[in-house]
Amino acid sequence: LSLLSVPILAQLVWCSCFRTSSRRVAAEWALGVRVVMAGYEYVSPEQLAGFDKYKYSAVDTNPLSLYVMHPFWNTIVKVFPTWLAPNLITFSGFLLVVFNFLLMAYFDPDFYASAPGYKHVPDWVWIVVGILNFIAYTLDGVDGKQARRTNSSTPLGELFDHGLDSWSCVYFVVTVYSIFGRGPSGVSVFVLYLLLWVVLFSFILSHWEKYNTGILFLPWGYDISQVTISFVYIVTAIVGVEAWYEPFLFNFLYRDLFTAMIIGCALCVTLPMSLLNFFRSYKNNTLKHNSVYEAMVPFFSPCLLFILSTAWILQSPSDILELHPRVFYFMVGTAFANITVRFFFLL
């Protein structure tokens, strides 16, 4: 699936560099998809026609974004020349995330590098990963501003942006995992698998809001997590992974804090905010879908993927998650990204 996506992404970036119209880019993309998929029509003509009717609507209420990051991004975007395509900025940030994933895969292929008694990841790697993670986060924040600044916003650009964001979820989570690893002071590969799904469902939850309310409420957890992750990478380079072996509070280890932060952010921030926005729309009689079935459609495919992948783990005769955790995470994240991109056409 990922190999088939490469020519599609390449053609989309190429077209976007020349600022073609959304209709032409969509047509070019569709043509490329038909060639790559050997006759299989990935996007129907009806879905392509919907691009011209689509209007982007998003709300960001996160104080960190409003008072810190957006002023910073407004300054950074002025550095970029007006001829630079927004999709190229998006793709560049995504490549940095993938580079971090591959770099950590080289130094920590099986997630044992942070465990006691194993060769640790060099300090300079943590510094590089921390800096590149923040740069990628910054590029993800300025691509939309560049699009509005150059009057080149398109629905296909949003599809490209959110499609890569959904794929980035697995890269972010798995790269962070190397800080703790799966040694005696780390997190088991199955617990990390469940935490990955917490992040994936948090991502789809915000788009579920858009599907039902017509407005994309940007999740608070994203900005907080990206700034925190970048900071933790740098701190790890300074204090070493051994610092995370010690209890954070009483017998509460840093690995437990890592787990609690992911789950707590999802349950105490993302989920309540999503439900609040949903019920506000219900109260104002502005919901796009009235039946429970239609409202819950976005969750069907992710839930099916979760059930099938979990069943594979539990029934695997070779214990696949223990043998190849990184590859299995990548498979789940790629399949999830494919689902979310298809879901975009329902918005």
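Cβ atoms are placed via backbone N, Cα and C, with glycine included.
As recorded in TrEMBL, the features of this protein are as follows:
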type: SIGNAL; residues: 1-15; note: signal peptide
type: TRANSMEM; residues: 83-104; note: transmembrane segment
type: TRANSMEM; residues: 124-142; note: transmembrane segment
type: TRANSMEM; residues: 163-180; note: transmembrane segment
type: TRANSMEM; residues: 186-206; note: transmembrane segment
type: TRANSMEM; residues: 257-279; note: transmembrane segment
type: TRANSMEM; residues: 291-315; note: transmembrane segment
type: TRANSMEM; residues: 327-345; note: transmembrane segment
(message) Please identify the stretch among 124-142, 186-206, 257-279, 291-315, 327-345 with the greatest number of Cβ pairs below 8 Å relative to the transmembrane segment (163-180).
(response) 327-345
(request) Quick one: find which recorded stretch in 124-142, 186-206, 291-315 has the most Cβ pairs under 8 Å with the transmembrane segment (257-279). (result) 186-206
